[in-house]
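Visitor: Got these off Swiss-Prot a minute ago, pasting:
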{"type": "BINDING", "residues": "6, 7, 8, 9, 10, 11, 12, 13, 32, 125", "note": "ATP binding site"}
{"type": "ACT_SITE", "residues": "101", "note": "active site, nucleophile"}
{"type": "DISULFID", "residues": "101-199", "note": "disulfide bond"}
{"type": "SITE", "residues": "126", "note": "site 'Interaction with tRNA'"}
{"type": "ACT_SITE", "residues": "199", "note": "active site, cysteine persulfide intermediate"}
{"type": "SITE", "residues": "345", "note": "site 'Interaction with tRNA'"}
């Protein structure tokens, strides 16, 4: 196959490209320039997408003897990932920028350009696997290295995107093996630390970064009964389930800590309550996709596992496509309550190791009806915020 290897400058993508070459494919390397000002992105142990990363990727491509290019997607990244991140927080939601990047940049804009140029697939260093299903169609599966599995952040891929994706690290049992292989191949970034957190927030201070862009407007912190018990410096910086950073002047009657239950951008308030009030018995959303062949009857309840964070444990659940308040939604009912679920998060559903699909969470139903106020539909929240 003619393969476009996306090379971030890290060890995983370098080894993935090396394996593609070793497998006999016609490989070309590409590094994505995602920032208008690369110097503002993280460098060193916490970084990705910097000028240094571009040079690391070029050196790896030279070692492999493959052509190498840098593609500028900075404008698209700013609009589809960075601006979207800000807008979601302003609407009281909690986005996942890595998933948005996969959905709109790496496996959309980049893949589209690759196919236009005659490539058959895009190769990345993600820990996931593409296997042939019983119907002969490609399926997205978890990686063999469960601790490194990245199928969650790839849950936004469609059947067409999966068919043109190549993940050479999917069957690798551990990251240590990848590093050892890189060392043996003479790849300079063999011991380069993994990147973490959000690449476009230089110091990891999400609250400060957001304040610089949307302002820090003081507001009230409310308890479940609507009583003002504290103040904040900007509701946009909070997320459901958060405990740190709450300036609460009135202690809880039982002396226990309180957590963010809801963000209300319309009146710039944050609602807090006890930890048990975070328990959720149902999640749903209208923005859902299937990763390959959907369930035979998605309108009938089917068994699955649901995962709501990249490194969370999957939870057994039942799911079905239903009409709720006039909109078609994927509704998921976990066997045991989920905790700290925020509008804007992504729920990925699995059948064993296979990714079935994903949904952006718009609505939640509390498992403790009297412990927290009802969470409004995120579409209404966004409308109230002027989105």
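Heads up, the Cβ atoms here are built off N, Cα and C, so glycines get one too.
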Visitor: Near residue 345 (site 'Interaction with tRNA'), which residues of its chain come within a Cβ-Cβ distance under 8 Å, counting only those 6 or more away in sequence?
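Guide: Once residues fewer than 6 apart are set aside, residue 345 (site 'Interaction with tRNA') is near 94, 96, 308, 309, 360, 361.
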Visitor: Would you measure the largest Cα separation among 6, 7, 8, 9, 10, 11, 12, 13, 32, 125 for the ATP site and round it to whole Å?
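Guide: Per the listed residues, the maximum Cα distance equals 16 Å.
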Visitor: For residue 12 (ATP binding site), what is the tally of other C-beta atoms lying within 10 angstroms of its C-beta?
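Guide: So the Cβ neighbour count for residue 12 (ATP binding site) comes to 26.
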Visitor: What Cα-Cα separation, expressed in whole Å, is found between residue 8 (ATP binding site) and residue 199 (disulfide bond)?
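Guide: Cα-Cα, rounded: 12 Å.
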Visitor: Mind checking which of 10, 101, 126 has the fewest other CB atoms within 10 A of its CB? They're the recorded positions.
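Guide: Counting other Cβ atoms within 10 Å of each of the recorded positions 10, 101, 126 gives the minimum at 10.
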Visitor: Applying a 10 Å Cβ distance cut-off over all chains shown, what neighbour count does residue 199 (disulfide bond) have?
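Guide: The Cβ of residue 199 (disulfide bond) has 24 Cβ neighbours within 10 Å.
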Visitor: Using DSSP reduced to three states, classify residue 32 (ATP binding site) as helix, strand or coil.
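Guide: Reduced to three states, the DSSP call for residue 32 (ATP binding site) is strand.
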Visitor: Of the recorded positions listed here (101, 126, 199), which is spatially closest to residue 10 (ATP binding site) when Cα positions are compared?
Guide: 126
Visitor: Starting from the Cβ of residue 6 (ATP binding site), draw a 10 Å sphere and report how many other Cβ atoms land inside it.
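Guide: Taking all protein chains shown, residue 6 (ATP binding site) has 23 Cβ neighbours within 10 Å.
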Visitor: For residue 6 (ATP binding site), which DSSP three-state class applies?
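Guide: Note: residue 6 (ATP binding site) is in a strand by DSSP.
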